[in-house]
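These features come from Swiss-Prot:
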- 34-41, 61-65, 79-82, 146-149, 179-181: GTP binding site (BINDING)
- 41, 63: Mg(2+) binding site (BINDING)
- 26-200: domain 'EngB-type G' (DOMAIN)
């Protein structure tokens, strides 16, 4: 019997300034990354059907910590600090970028990266840097073109094709899809993608349950 993931049960565990302050490097983590105005918090809230799981802020760049959420046993979502906000001091920007790079390159339990980009301003330099880091670490990437409702259907498809073509040049496992927190566009596909990334942890969970049942 397969284990179904109920994303609405996702809850906050802890915040950390860098990789050294995170809990033990075990289980499976899926990280969400994006520019400060990419709609990351709204996307996480829509994914989990919770209004305030990830705090949305009127001031981009407020999220300076790595935030860890538990989805189910052995499965976690990591909300990485938003990047690329112009009004943040350079020293802080550099610190964030170092933390992001360190996390993507050294965290063993990281098994997937979701990079969110405003569909009207995709593939900025830092977005591409995040993807490069993930590919170097052999981590699959799901690019979400957010705020897709802001474009009409034709323009949306054209932008999607353009970004998919660019994504092919990275090599590695990079998928690109559209997403709208407002309209719910792409939410089911995102859940399905996370299901596949979390599957090994769930398989272990099932084995443990079956083992304990047979022991009884």
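Cβ atoms here come from the backbone N, Cα and C positions, even for glycine.
Note that the structure is predicted; figures quoted are calculated from it, not measured.
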Enumerate same-chain residues with a sequence separation of six or more from residue 65 (GTP binding site) and a Cβ-Cβ distance below 8 A; give 'none' if the list is empty.
15, 16, 17, 81
Just to verify: the residue among 37, 41 with the fewest other Cβ atoms within 10 Å, which of the binding-site residues is it?
37
Can you tell me how far the Cα of residue 147 (GTP binding site) sits from the Cα of residue 41 (Mg(2+) binding site), in Å?
12
For residue 179 (GTP binding site), which residues in the same chain are close in space, meaning a Cβ under 8 Å from its Cβ, but six or more apart along the sequence?
43, 116, 144, 145, 146, 148, 185, 186, 187, 190
Cβ distance under 8 Å to residue 34 (GTP binding site), same chain, sequence separation 6 or more: which residues?
40, 82, 83, 115, 116, 117, 127, 146
Local confidence of the domain 'EngB-type G' (26-200) - pLDDT mean:
91
